[in-house]
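I'd like to ask you about the structure that follows.
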There are 2 protein chains.
Amino acid sequence: MTSTDQRYGLARSVTLPGPLRLDGGVLLSPVDIAYETYGTLDPDGGNAILICHALTGDQHVASNHPVTGKPGWWTRMVGPGKPIDPARDFIVCANVLGSCMGSSGPASVNPATGRPWGMAFPVITIRDMVRTQAMLLDHLGVGILKSVVGGSMGGMQALSWPATFPDRVRAIVVIASTARHTAQNIAFHEVGRQAVMADPKWRGGDYYGIGGEATDPPAAGLAVARMAAHITYLSEAGLTEKFGRKLQARETKTFGFDADFQIESYLRHQGIAFVDRFDANSYLYITRAMDYFDLAEEHGGQLARAFRTSKARFCLVSFDTDWLYPTAESRAIVHALNAAGAPVSFVELSSPFGHDAFLLESPELNRVVDGFLKART
Amino acid sequence: MTSTDQRYGLARSVTLPGPLRLDGGVLLSPVDIAYETYGTLDPDGGNAILICHALTGDQHVASNHPVTGKPGWWTRMVGPGKPIDPARDFIVCANVLGSCMGSSGPASVNPATGRPWGMAFPVITIRDMVRTQAMLLDHLGVGILKSVVGGSMGGMQALSWPATFPDRVRAIVVIASTARHTAQNIAFHEVGRQAVMADPKWRGGDYYGIGGEATDPPAAGLAVARMAAHITYLSEAGLTEKFGRKLQARETKTFGFDADFQIESYLRHQGIAFVDRFDANSYLYITRAMDYFDLAEEHGGQLARAFRTSKARFCLVSFDTDWLYPTAESRAIVHALNAAGAPVSFVELSSPFGHDAFLLESPELNRVVDGFLKART
């Protein structure tokens, strides 16, 4: 490994011996971490920014996805001239523990058996993901982070950072996120998990070949799970604006069960495209981690206590049409930060696009993040 | 058939020769209609009230369900001393066309083959359901209805009545409903249909025995569909109040995939209980009918035109936490009725229970319906 590699978007992975003690009590060893870095770490190590990805995201934040060939998932925020800029920042983005893009997860090989873990992989938490990121930063020689930035589940990790490693991060950006999963959040995830598990091809999670490849995965169940989740990422108004009751190319209803409405074929496409790039068991594990997430519960039931020893300043952003993690959830975090005496700025942005807004073109979001990261403390 | 049977809640069915011309162009013959009546038709025929049921409802509005043994689904509204009272009213409730409680549907025998229709059953519409109800009323000797009353999909039928048979109904009660399915409504239903169709036991809808019984139906897929739909019937606030993040009886998380949270086991129960009483193909057909529903589209794109020749007065009720058919949908109907010059009263009631509120104890709802039905015109 060279720490000053000049290629833009350097995909790497590292196997660390661990063991990593997980919240569930299991000792995980070894720990594979797949990650990308952009830019160069300053000699004083002061320019490192960790970006945390969402449920189905990955380390390819600003470089092409190796499976789909599509541009990185946050090139609007990360790249030359963007708020997070490799010319200035040393940017690290790691595939979360439990995922399927190279980090340890249910498709990884269980050293005890020599075969893929499947459902024998230990259940993980958001905090376990954060601990894994800290192990990677140790490996990269990064001590204190300039900032941790994340949207959605990435925001959960960003929030968990100052609670877990209060001395290692100076600024936190939390976008379209929450400090705990509500009953409705859990309910939608449970529907998705049940859809996967109802697929006979799931086989109790044991659908991998020797190397963890899945030639006949529970694609139908995972597609249904993705479709249900996708509805929660979009606003009702956005759906109406984009699709309304518009029919497919044909002009009249078919009086059949083909996708008559554009929203139907859009959702079916979302489901089908997803299964090509994501592992069903990883979907189970990561949704579980999100449902378990309750930062207050980890700190005696008081969210403010999670930030008691934090030395970071915070930036919270919500979107007015996000009904998955509505503004009220961000506001609850802000109140807790206020109670803890932590510096925090908070803005609710207007967007027709619901939860997905954090991934879309948003000059306001870029201005907020840019201003926050550049501010002198 | 005796038209003055004194038993409370008389379950009957009739096979009418038809043919019924469906909106999709098919001529359906014969047409089975399972129904219940309560009370006695006045000699002048002026006291007949038709109650229309919702997606998974049935004709057992105020008498025990033959499969579950549970009380009728609307005993809070229909019964002695209730707003709709068999001592005063002749109450008719029919299982909708396409359903599975005795009326013609995909589990019925196709006379052309002598075997169950399955997916060869024609796609139906809300208006087709209404036409079937009119055939039943002809059979029962009911000319003009005192009222048509319905909630949710029942409200769609109630709205469709004055548009389809303007001379046959004097009062319309529409509760927690809409004049058209939105993109988000369609999206949730499409997830449910895909869940059913993804179940290998669905077998293209051909899972019946000779008589229409289903010994090995696509239960897993239908349960997932029900779970997803069920979330939309409840409000976020109601879920939080009822379940929050409360764990099951055990005190700590299991770090596994059992139902740790109460909301998970509740949803699983909802899914499992549903498949015992409902047919998966009927679920496909009825959700399709709801998605096709757009009363304005049936009348040149102007909702007011649907009520142009109506002679009825209207009562609209919405619930403030109903996000499936929010108050704005009822308001749009009220505006159209105003434009059509139809008498209408409208109230938004407050409830923590979301869409399901129309089925629950609600003294305010009872007062509104009681007052409206008793008002002199």
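Just so you know, the numbers here start at 1 and follow the chain as drawn.
From the backbone N, Cα and C atoms, a Cβ is placed for every residue, glycine too.
I grabbed these lines from TrEMBL:
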| type | residues | note |
| --- | --- | --- |
| ACT_SITE | B:S152 | active site, nucleophile |
| ACT_SITE | B:D322 | active site |
| ACT_SITE | B:H355 | active site |
| BINDING | B:R226, B:D356 | substrate binding site |
| DOMAIN | B:47-360 | domain 'AB hydrolase-1' |
By a simple count of other Cβ atoms within 10 Å, which of B:D322, B:D356, the recorded positions in the record, is least packed?
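Comparing Cβ neighbours within 10 Å for the recorded positions B:D322, B:D356, B:D356 has the fewest.
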How many Å separate the Cα atoms of B:H355 (active site) and the residue listed as 'active site, nucleophile'?
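Cα to Cα, B:H355 (active site) and the residue listed as 'active site, nucleophile' are separated by 8 Å.
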Which secondary structure state does DSSP assign to B:H355 (active site), in the simple three-class scheme?
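Once the DSSP labels are grouped into three classes, B:H355 (active site) ends up as helix.
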Between B:S152 (active site, nucleophile) and B:D322 (active site), what is the CA-CA distance rounded to a whole number of Å?
11
List the residues of the same chain that sit at least 6 positions away from B:R226 (substrate binding site) in sequence and have their Cβ under 8 Å from its Cβ, in sequence order, or write 'none'.
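When sequence neighbours closer than 6 are ignored, B:R226 (substrate binding site) has B:T56, B:G192, B:Q270, B:G271, B:F274, B:V275, B:F278 within Cβ distance under 8 Å.
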Specify the count of other C-beta atoms within 10 Å of the C-beta of the residue listed as 'active site, nucleophile'.
27
Which state, by DSSP, holds B:S152 (active site, nucleophile): helix, strand or coil?
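Where B:S152 (active site, nucleophile) sits, the three-state DSSP reduction gives coil.
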Any idea what DSSP makes of B:R226 (substrate binding site), helix, strand or coil?
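Once the DSSP labels are grouped into three classes, B:R226 (substrate binding site) ends up as helix.
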Pop the Cα-Cα gap between B:D356 (substrate binding site) and B:D322 (active site) into the table, whole Å please.
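Pair distance, Cα basis, whole Å: 8 Å.
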Could you tally the C-beta atoms, other than its own, that fall within 10 angstroms of the C-beta of B:H355 (active site)?
25
Quick one: mean pLDDT on the domain 'AB hydrolase-1' (B:47-360)?
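Taking every residue in the domain 'AB hydrolase-1' (B:47-360) and averaging pLDDT yields 96.
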